[in-house]
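Chemist: According to TrEMBL:
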- 32-51: transmembrane segment (TRANSMEM)
- 63-88: transmembrane segment (TRANSMEM)
- 109-130: transmembrane segment (TRANSMEM)
- 181-200: transmembrane segment (TRANSMEM)
- 212-231: transmembrane segment (TRANSMEM)
- 251-276: transmembrane segment (TRANSMEM)
- 296-316: transmembrane segment (TRANSMEM)
- 348-367: transmembrane segment (TRANSMEM)
- 379-398: transmembrane segment (TRANSMEM)
- 410-429: transmembrane segment (TRANSMEM)
- 435-453: transmembrane segment (TRANSMEM)
Amino acid sequence: MSSCLTPLPVFLSDSTSCLPNTLHFLSSFMQVGLVSGISLIVGTMIGSGIFISPKAVLLTTGAVGPCLCVWAACGVLATLGALCYAELGTMITKSGGEYSYLMEAFGPVVAYLYSWTTVIILKPSSFAIISLSFAEYASTPFYPGCTPPMVVTKCLATACVVLVNCLSVKLASYVQNFFTAAKLLIILVIVVAGIVLLAQGNTENLSDPFEGARTSFGSIGLAFYNGLWAYDGWNQLNFITEELKNPYRNLPLAIIIGIPLVSVCYVLVNIAYFSALTTTELLQSPAVAVTFGERVLYPLSWVVPLFVVFSTFGAANGSCFTAGRLTYVAGREGHMVKILSYISLRNYTPSPALIFNGMLTLIYIMPADINTLINYFSFAQWAFYGLTALSLIVMRFTRKELNRPVKCPLPIAVLVVLVSFYLVLAPIVDKPEMEYLYCTIFILSGLLFYYPFVHCRFSWTRQVMSEYPHGWYPSGVQMVPHI
């Protein structure tokens, strides 16, 4: 019977006085089970997008038929990508997601550039956008007839989510489970209402679904961009592999259950919208689910904005939960300052990494509009997705000795690589802008920090944060055989 690898935290200190804490840490660290794993995937993927602005896909495709096809195709692509990540996650059972896989396949430079871009820009700006949506919907009822002070609500939203994640892994998991159940409930309500309307004969918007469709190279790419933004989060479980109970079983199961569930929900919700709203009404609506609720669910239409609040808070909680793990793994590998790799022995959470991510989020929240930032950096995200799928192909030949409990067919990995690079190039070819060049320059500017702090490791850089504050220990997680 072959042995399997399980994440065993081993403190790098030679002192044996740490042993009781180490053993307690080991029993408490792996706290995310199958249900919580599914909730993390579903809860992070289903944020505010499907409720507030699914019109972006319709705007770029021009008709109902291709719009629904893009939503379904995005679900298929997310599932195929997740199958690649299932092999990588069970082969390399380290937290950090793409960072760990790029490190193994391509070395520290590519992994550092990924962590640099994701930790500094992608994760906190995405978290900021979700927090903005949560703050807007949560504060509006308390300020009838006027605009709430957004700066206060933005900061409170971010602080609340960071606090939940710093307190306990279990608490963050329970919060995620509750809000995932809440958002699935409101989706069920919308879908059932749509089925009733279709049964009553409200099928005008679906009678000629491909009239006026746009199928240019660029428009299809932009439609996929907007649809995949709503699907973002399909890879979140790979960021917390070390905290997952029995990752060889629960990681692929959570992916196989969670992502198709979200895909079916998205397609059915869009069909429900078209049963009550024309394409013009949907494009003009500032919040599609709210408009649908006012038209179909009155006098209970108030439940829709309430559940949008639940949905956005759950997505923010999941985003914060995984973003902190990437930062802490990068700190553990020496690609971030050492304090970000610390774990609280009281709560068993990477609190410094979570707080650091929260501080960056607060910075991105302050501007009036950060959607442009995330739009321009989305091409970088898909470049890293493509490189990660490519790492699977590379390691099939360079790391044949690694155990692969889940094996993804190579044609699927090749397809994900091709689609990823299509999504990178399509917006640039369709509408080239200088901002893409600026984003590329920013990504490569990470090398200015990599050379002195990581590659050369001058004596003064090695001493950065070398002393451990009282009550904290370095994570120092190693992978050791366990029968």
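The backbone N, Cα and C atoms fix where each Cβ goes, glycine too.
What you are looking at is a predicted structure, and each value in this text was computed from that prediction instead of being measured.
Describe the structural surroundings of these features, if you would.
Modeler: Packing against the transmembrane segment (212-231) from elsewhere in the chain are residues 45, 47, 49-50, 54, 56-57, 60-63, 65-67, 70-71, 73-75, 77-78, 262-263, 266, 375, 378, 382, 422-423, 425-427, 429-431: each is 6 or more residues past its ends and has a CB under 8 Å from a CB in it.
Within the same chain, residues 34, 37-38, 40-42, 45-46, 50, 54, 64, 67-68, 71-72, 74-76, 78-79, 82-83, 85-86, 89-90, 184, 187, 190-191, 193-195, 197-198, 202-203, 205-206, 230-231, 234, 237-238, 241, 244, 282, 288-289, 292, 295-296, 406 sit at least 6 positions outside the transmembrane segment (251-276) and bring their C-beta atoms closer than 8 Å to a C-beta of that stretch.
Non-local neighbours of the transmembrane segment (410-429) in the same chain are 77, 80-81, 83-84, 217-218, 220-222, 224-225, 228, 379, 382-383, 385-386, 389-390, 392-393, 396, 436; each lies 6+ residues outside the stretch with a CB under 8 Å from one of its CB atoms.
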Chemist: Report, as numbers and ranges, every residue of the chain located at least six residues beyond the transmembrane segment (296-316) whose Cβ falls under 8 Å of a Cβ in that stretch; write 'none' if there are none.
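Modeler: Here the qualifying positions are 43-48, 51-52, 127, 130-131, 133-134, 137-138, 140-141, 157-158, 160-161, 175-176, 178-180, 182-183, 185-186, 189, 193, 197, 233, 276, 287, 289-290.
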Chemist: What stretch, picked from 32-51, 109-130, 181-200, 348-367, 379-398, has the most CB pairs under 8 A with the transmembrane segment (435-453)?
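Modeler: Between the candidates 32-51, 109-130, 181-200, 348-367, 379-398, the best contact partner of the transmembrane segment (435-453) is 109-130.
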Chemist: Count, for each of 32-51, 63-88, 109-130, 181-200, 379-398, the Cβ pairs lying under 8 Å from the transmembrane segment (348-367), and report the range with the highest count.
Modeler: 109-130
Chemist: Please tell me whether the transmembrane segment (63-88) and the transmembrane segment (181-200) touch - that is, whether there are at least 3 C-beta pairs under 8 Å between them, with each pair 6 or more apart in sequence.
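Modeler: Stretch pair does not touch.
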Chemist: Hey, which bits of the same chain come close to the transmembrane segment (379-398), Cβ under 8 Å, at least six residues off its ends?
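Modeler: Sequence-distant neighbours of the transmembrane segment (379-398): 81, 84-85, 87-88, 91, 98, 101-102, 104-106, 110, 114, 117-118, 122, 228, 235, 408, 410, 413-414, 416-417, 420-421, 423-424, 427-428, 436, 439-440, 443.
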